[in-house]
């Protein structure tokens, strides 16, 4: 039996209650809501609650392989008995957060003095508790308390710098553990970070989307990440289509997101897509950081209207907003006004006139309530006493209101967190956290990820290929750079001979060719830098594993690296006249490919460490120059000072350079210096050949051996010995180069693991 659920809600205080019922599609009739028994004797464990999702799936298909699509069914007014909603109440008490900032030293600050800040508090220039001579403590949140309920929108308002985004981050667990003081509870129980990641979603202020994907594709990829593998692709597509309808994006479904260089959807539509990708799994709690920022009045109203529908489907919606319009204010259920990290008002928008009237500043009838409140707060912030009087008045006003309501503003329905989650699961919530396992313990109540690693890798790879295919100019530019470089090298070193001069030119060609393969990998630097914040947003709430991203990132890079290696090898090997035939070409191709792989991995690792493109390019160019310097081309290994020899073995250019030299000079029957050619690289190279022959006869008598013009004096092994290439075979050099690539991929993973927590300190 498939259930599609919607819940009763109250958009604001004076609106009528609209009943919602559970629809049984098997028997085509309405069912009453689930009982909300609070008997503790038969109360299931948290693990058993989530197991019920598997039972719902098995009812849908008979084999437990799929689950019904969660939708919201609004039936309108009816004379039937109004069912109870599922009351989720997120409470936060005395949230405080401070950061240490550097002191600005001035000459007069040497003398201790006392001053009064804008909040009326007396401060000293001398260090106080928790401070030092060089740092001072700045309080961003100062004992903020409040609550948010499902079916309602809680809006955090205030001027810039008042602490709106900080409060949203605190509630969304985006502040490092230990830095935030206070408590956060859901239905009276402490909300663990692991559970919050699955039952909540966070929409950033910036719209971080892939520009070349359409609206429908963007939401579909989000569905494949956040919805379980047991849900068929057709059911996921139905969920996406329903969400597109809910977000009002039907006309833009086939339009690309777009960016500065590609025309796409409007700003309001982008914002709704950003919301959509984070609510695809139907979260219980939705956090939004200024979702109306940068939008015109109509677009902003449409966004908040969408948020109201999301709240009415049974979610808690908490958002920060700078200055809502009159229409938006009518959609909000609760407000918290902040001023420099302190609460100056908390309650319903309907109570604003009474509140400010009691404070002695009544709101004129023809003026926007929030604009009046924000203007008054700014005026008080600029006064000598600051907003201290308003902060104190809010505390007394809240205490009076609390005593009048008998300690609770609304009845919580008597549901514990376990009971509320149980009812929500039965009504279709927590789709991404569902599981079919029979043995579920409380520790595994909420699965960390919706899909296995291989599924995440497949979706990530498909998304990357789709983006690359729609921006062929990126690969085209890189291919063009490689082809131009190969063409220049082929024409500069055309058909080198086997003379001593040809040997020297071969050494120069190999050194430049190997270093060029690494330099052309620098274009991989901005790839991850452009995706960094998308990656951080998606992994912050367990859309996929970091390891899956690293593995798919490496796999996606391989086809392009193979094509580039083949193009460069084919363009230079026969044109330069390198030795080895077909087998020699195959090894030359492999070492070029290994060089591209190691270089791409190295640059990818740097992109995970260095957050800025220009700084990254500077570091890449500098380090690659050092690699070339210590590769053994400019100075042999035996001549490198002992205190720098470690850099020689760390050089990425060393191993492919030595490998191609061994591939070129490995034939023991091939001679590179015969007879009089021994004088070619000396001052005697310009003397007549007859004189050179006489010198050879004289040398033969002195050495006691016959040396003629055809005697081989230097073979390939001698050249390798002269270059100091005796440590590793060419195949070992190849494997070391490949291993460097894997090592940098592992370091890239560690950099993502340690450097992308996306939390405030």
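Using N, Cα and C of the backbone, Cβ positions are placed for all residues, glycine too.
Copied over from TrEMBL:
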type     : residues : note
DOMAIN   : 122-365  : domain 'ABC transporter'
TRANSMEM : 475-496  : transmembrane segment
TRANSMEM : 508-529  : transmembrane segment
TRANSMEM : 550-576  : transmembrane segment
TRANSMEM : 582-606  : transmembrane segment
TRANSMEM : 613-635  : transmembrane segment
TRANSMEM : 734-755  : transmembrane segment
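Stretch with the largest number of CB pairs closer than 8 A to the transmembrane segment (550-576), among 475-496, 582-606, 734-755: 475-496. Recorded stretches compared: 508-529, 582-606, 734-755; the one with the most Cβ pairs under 8 Å to the transmembrane segment (613-635) is 508-529. Note on the transmembrane segment (582-606): residues 513-514, 517-522, 524-525, 527-528, 553-554, 557-558, 561-562, 564-566, 568-569, 573-574, 616, 619-620, 652, 656, 659-660, 663-664, 730, 733-734, 737-738, 740-745, 747-748, 751 of its chain, located 6 or more positions outside it, place their CB under 8 angstroms from a CB of the stretch.
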